[in-house]
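Have a look at the structure below, then the notes.
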Amino acid sequence: MPQHTKTALSVNLNKVALVRNTRHLGIPSITRAATLCLEAGAAGITVHPRPDERHIRAGDVHDLAALLKAWPDREFNIEGNPFHNLMDFVRQVRPHQVTFVPDSEGQFTSDHGWTFPQDAERLKPLIAEAKALGARVSLFMDPIPEAMAAAKAVGADRVELYTETYASAYGMPKQAEVLAAFKATAEAALKAGLGINAGHDLNRDNLHTFLTTVPGVQEVSIGHALIADALELGYTETVRAYNACMSQV
Ligand SMILES: CC(=O)[C@@H](O)[C@H](O)COP(=O)(O)O
Ligand SMILES: NCC(=O)COP(=O)(O)O
């Protein structure tokens, strides 16, 4: 049986901002979305302010940081590339957690994790700085067990397992093989002393199997599918539905 950990749901609001940015009217509101998700039981809010500001803008990061101060038991997670714009946000708003993601500028969406040993030396000082500023540091990683000790060695607190390969294999013949790689990676992460997050293309269908197979997942950040569900069900019912999926683990 996998090690049982209550998993926290961090709602990624990128896609709310994407819709908002197609007009100059300020709707849908990011802070209203965050408030409704937190009221419904989300454990935190995630954003990925990309350098091109296609969805989350700098002002959203500051507005959400201010909002979350009224929710001391919830967390703000900012994702991004620390060699682009992420560190300025860390210095300015001091989030609870930062997730370092090796995306290029203008990348369509995140599609791979950090590579060791190649990225190790340049990551170390930025991880140390983010931690000194009070943030937990998570590294976005592919499901490669051998990389977990290296992630620990550069100073990371957690890894975020990049779950797209699982999501696209879900319900397909290769699901078991792909899940086995995530399970082995999580076991290696736990052995190395790392915490475990997971995210990308998780949804209400694939979440339960992932969490009952992969041990120790402390947080999932979910955006695209969750916001799509919220268009049909509303934020409140949607967050409750995701939390219900996770409480059955
Ligand atoms: C880091 C990660 O896992 C991504 O899922 C990311 O947050 C999504 O970014 P987009 O919403 O821009 O596709
Ligand atoms: N870190 C993953 C995340 O925040 C959301 O990814 P997705 O659910 O939008 O694919």
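Glycine is no exception: its Cβ is also placed from the backbone N, Cα and C atoms.
Remember, TrEMBL labels are computer predictions, not curated facts.
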Candidate from D201, D205 that TrEMBL assigns to the same 3-amino-2-oxopropyl phosphate site as N12, R23, G223, H224:
D201
With R50, H55 listed by TrEMBL as binding 1-deoxy-D-xylulose 5-phosphate, identify the candidate in T109, T115, T163 belonging to that site.
T109
Compared by Cα position, which of the recorded positions R50, H55, T109, E160 is the closest one to D201 (3-amino-2-oxopropyl phosphate binding site)?
T109
Just going by other Cβ atoms within 10 Å, which of the recorded positions H48, R50, H55, H224 has the emptiest spot?
H224
By the count of other Cβ atoms within 10 Å, pick out the sparsest of the binding-site residues N12, T109.
T109
Determine, for the 1-deoxy-D-xylulose 5-phosphate site, the additional residues of the same chain whose CB lies within 8 Å of the mean position of the CB atoms of R50, H55, T109; present them in sequence order.
N14, L18, H48, D52, R54, I56, Q107
